[in-house]
Every structure is written in C-alpha cells, then in structure tokens.
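Undergrad: Found this in TrEMBL, in case it helps:
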DOMAIN    A:78-269  domain 'ABC transmembrane type-1'
TRANSMEM  A:21-42  transmembrane segment
TRANSMEM  A:78-101  transmembrane segment
TRANSMEM  A:113-134  transmembrane segment
TRANSMEM  A:146-169  transmembrane segment
TRANSMEM  A:190-215  transmembrane segment
TRANSMEM  A:248-269  transmembrane segment
Amino acid sequence: MTSTTIRVPLPRKHRGRARSIPMTALGIVFLGLMVFPVYWMVNSSLQATAGAATATWFPTNPTFSGYVAAFQQQGGNFVSSMIIGLGTVVVTLLVATPAAYGLARFRMRGTRVFLLVLLVTQMIPTIVIANALYTLFNDVGLLNTYAGLILADSAVQIPFSILLMRAFMESIPPSLVEAALVDGANDFRAFLSIVVPISRNAIVTAALFTFLGAWGDFLIALTLTSTDAVRPITLGIYNYIGSNVTDWGPVMATAVLASLPAAVLLVVAQRYIAAGALGGAVK
Amino acid sequence: MTVSARAGVAAGPLVASGRPGRSRARLASGVTRWLFIAPAVVFVAVFFGYPVVKNVLMSFQDYTTRTFFTGEAPWVGLANYAQTFGSAVFTTTLVNTALFTIGSIVMQFVIGLGLALFFRRNFPLSGFLRGLLLLPWLLPLIASSAVWKWLLDQDSGAINQFLGLFGVPAVPWLVSPGLALVAVIGVNIWLGIPFNTTILYSGLQSVPPELYEAASLDGATGVKAFRYVTWPSIRSVVSVVIVLGIVYTLKVVDIILGLTGGGPANSTQTLATNAYHQSFVNFEFGIGAAISNVLIVVSFLFAVVYISISRKAADE
C-alpha cells in the first residue's frame, strides 16, 4: 500500500494561470456531470412532484413536505439503521483490531493462510452468504433481529477492517511494544496501552468504513428479515421504489437523509476515506 | 485448526529464552497471541466458511419453504443443476452477466483512467474536486438506485426532460427489454468511476517523475510518454483495478433490484439477481444455491487471477 500512496509531486513546469484556469473549469464540468444525480436527489427532495408534475431544474419554491413525509413514514427505520450501524462498528472493531495486530506482529503458523482467506472473503458474493445464512439464522432464531443483522454486517466488514488496520500496524516499530513487555506488561496490555492509541487513525478509518458499509447495507437486510420487526432505511427506500412511485419528493428526501452519513464523513474525514479506498483495494 | 496445536509453535522471539521455568509462560503467551486472532477466525469460519460449504450441500438438495417446517431436504443429486442449466432464463442470465460485467468494466476503466490522467495535472482545486468525486461511491447503493430510477423515469425523469429539449421522444429506459440492460450498465459505470479514478490516480502518482524527464529528452512526450512510460509503469495497478472491478461487478445485486428488479422480462437478470430470486422470491433455496455456486466459481477464477497478480506485484 505504501508504494501507491506516496505522493510524488509532478515536475511543475511554468504553466501560466492562463492554462490552469481552463483546466479547473473543465474539472468542475466533469465533477458536475458526476455529481448531477446527487444534486437532482437534493433538488427534487425539496419539490412536491405528486401526480404528473415533474421536478424543475432548481428548487425555486422549496417545500419541506417531502422531509416531513419521510420522517413520518421512515423515522423508525432511521433509528434501526443507526442501531445496526453503531452495533456493527462495535462488534467489528472488537474483533478486527486485535486480529489486525496479531496478524501484523506475531509470526505464527497459519497467519499467512488466514490473510489469504481474508482476501478471498472480499470476493465472495454476498448473495451466496445470504442464501446459506438464512437457513442458519432460521434455525437459531436470528432472523428479524438486530443481533442477526449486526453479526452478519460485522462479518462482511471484519476482513476488510483487518486488512486495513494490519497494513498500518505493521509500520509500528516493534521496539515500542517490546519496551512495554520488558516492563512486565503482557501482550494484551501492551496492545491496549500502546498499539491502540498509536493506531487511532487506522482504527477511525476502519470504523468509518464499517459504519458506511453497515448503514448502506441492503442485501443482508433484505434477505435476513422477513417481517417489519427490524427495518433499516435501505429497505424503506426499496419499498418506496419497488412500487409505482407517484410522488418522488418523500423518496428523494429519504434518500438524502440516508446519504447524510456519507456526505458528513466525506467532509470531515476525507483523508481517511481516500486512505481506506486504497488500503482495501491495493493491499 | 485447534488453538492448542498451534500454540506450541507460536512463541514469539521475545520469549525465546531457553530456561525451562519459562516454558509455561511461553505456552501462555502463545495462547494469548492466538486469542488475538481467534474471534476473527471464528467469524470467518461461521460467516464465510459455513455458507460456502452449506451452499454446496444445498445445491444437491430439494431445499424449499417446506424444509423449514418439516426439516426435510431430500437429496436430489444434480437435479437442481440440470434444472438451472436447462432453463432458458439461465442462458439469458449468463449473457446478461457477461454484458453487464464487460460493459461496466471497460467504460469504468476508460473514464476512470481519463479522469485520473486529467486530475494528475495538479491545477487549482484539483485535489478538492477529486475528493468530491468520491461522493457517488460513498452513497448507499439503494439511494443511488432510487435517484437513478427517478432520473430515468420515462414520463417525467430529468434525462428524458433534457432529451426532450432537443425533440427526442420519451425514451423507455427501464421499461423496454431492449434498453433496460443498457440503462443499468450505465448506472453501474457511474458508480464505478470514482473507485477506478482513485486507484488509477494513486498508481499514476507512484510513477517516478524522472522517467518522464528522461523520456522527454528522448522525444517521448504526450501520447508517446503515455505509451512508453505511463502504461508500463501502472500495468500492475491496472490489472488489480480490472480484476477487482470484475469481482465486484459480478456481486452487484442492489442496483439491479432497485432499478428494474431483474425485469422487464428478465432482460436485466444476472447470476446474482437470479440466485436471489430463486431463493428469496420463489423460495427454491436448492436452485438458488446451484446458481450461487456457478457465481462463486466464476468469482473464484478471477480471485485467483487477482491474488496471483498482487503476489507478483508484491514480489517486484
């Protein structure tokens, strides 16, 4: 991963402003095309489009009726998504952080194989997991429960989080941990008091990705629930668009609200996100 | 995979003193070290190992809703596979999966590389714009599906509104069997561009600037520099992006279910959505498992390619 993230500045020849301003303009055009759907989502969430009426290009007469409807119809689902997202972060970090350290530091037989297995899990289609998990969850009573969804979402996120944090933890100088061990701390204490604080950034990155993954999960929730007992917001949106939509306002308002965590994270934690994208893909 | 069998060989270098009194501490330390990894091993075994094995078993069973009441899932040999391979829908599904994957990958890669090359030119705001580009990639897939379903709506969607300005009659993007797959591929391309751009950009950043300087002395600039300097330097990143792209595209379910549900007339049904439909709509879990296994074999072929590429890249 390190080899790909080192930023090598290009030799900047003396290109004048005359050349770079059109580049910026072109960049804005490209970005505009790419994020137009996101604009349209926000734009039409502020308009009433009931009946045959269509959304206009700008929300000149903004209305929040879409959001009111979204809260009325989907409010509980947001709470469900929040519980699932936070629960998944907790379980994933509890399992993945020690494992990442163990795989980064301890030379044991089988760790290389396990790393390979972790890499392979990333490629197993979720529908394959869901198919068999449904029968297992049915047997042990985990269908339609928060615990079931949190466990399944965690399982999906754990391999990626381990790979991400391990890449960082490998770079911690062993001497730091050895010093604590010499002072009489055991491996676990040294891990908690030294490795975890140093790895804060990597852990935050893993937590962000885990939350986004669990919050945005659709397929696991779709397959491992059969009643309305536990309904994340993604299923709420799916229910909206699965039928013939007559008023897109509430649908788009719900989509905007469901997208808020991603937008917030992009603003406050962009560098973590870029690091995570690379960590998961190249490593 | 027992913990105790491994603990003996697990002593790390820190407790390598040969004194006999320390052997107990050594063993304890080995066990502790395994405890770091054990929960993750259990998770992977239960949530990846078990499902893969269980799917293989289920694919040879008549596993339906009835099974959940009676507990009986009679063995049927290859009947599920025979039924799957014999159905006309399966052929459609295979063709759709191939078109969906190839179409998505080619366009995502070409556009992603174009944008990566563009953003490499460090102009004012380039970093900021490149960061915002990640937004579509971070949104919940089903939220993206919702907005695209609205954009592509035949009667009042923004795309047809825009085309209408040029006198183009309303295009039935998601409701015509001939167009739906094209539309779904288009949306998936949009989703994949940020990922491709980000990885390829980082690949471009790791090309040593000296190479370009040397090449320009030899007269290789512009397209020639790309052909002889850039491309050879980023080839391993390119392979990783493409193979990962294929594996991720094969998995796609959210987008298709959200946009078309596999319809109209199965025109957007892929292996993954078909497996979903058999298991969770028709409750034919045995047949769903058989299709899942076809999907997993295809994914694993590419996974092997991916791992050998990243191994090779690591050795270099």
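Each Cβ is built from the backbone N, Cα and C atoms, and glycine gets one as well.
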Undergrad: Are there three or more C-beta pairs under 8 angstroms joining the transmembrane segment (A:113-134) and the transmembrane segment (A:248-269), sequence spacing 6 or more?
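TA: Judged by the Cβ rule, the two regions do not touch, with the required three close pairs absent.
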Undergrad: Using a Cβ cut-off under 8 Å, which residues of the same chain at least 6 positions beyond either end of the transmembrane segment (A:78-101) come close to it?
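TA: Same-chain residues near the transmembrane segment (A:78-101) but 6 or more away: 146, 149-151, 153-154, 157-158, 161-166, 169, 191, 195-196, 199, 202-203, 206-207, 210-211, 213-215, 217, 221, 230-234, 257-258, 261.
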Undergrad: Can you work out which residues elsewhere in the same chain, 6+ from the ends of the transmembrane segment (A:21-42), have a Cβ less than 8 Å from its Cβ atoms?
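TA: Result: 55, 252, 255-256, 259.
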Undergrad: Residues sitting near the transmembrane segment (A:113-134): Cβ under 8 Å, six or more positions beyond its termini, same chain?
TA: 103, 143, 152, 155-156, 159-160, 162-163, 166, 219-220, 223-224, 280
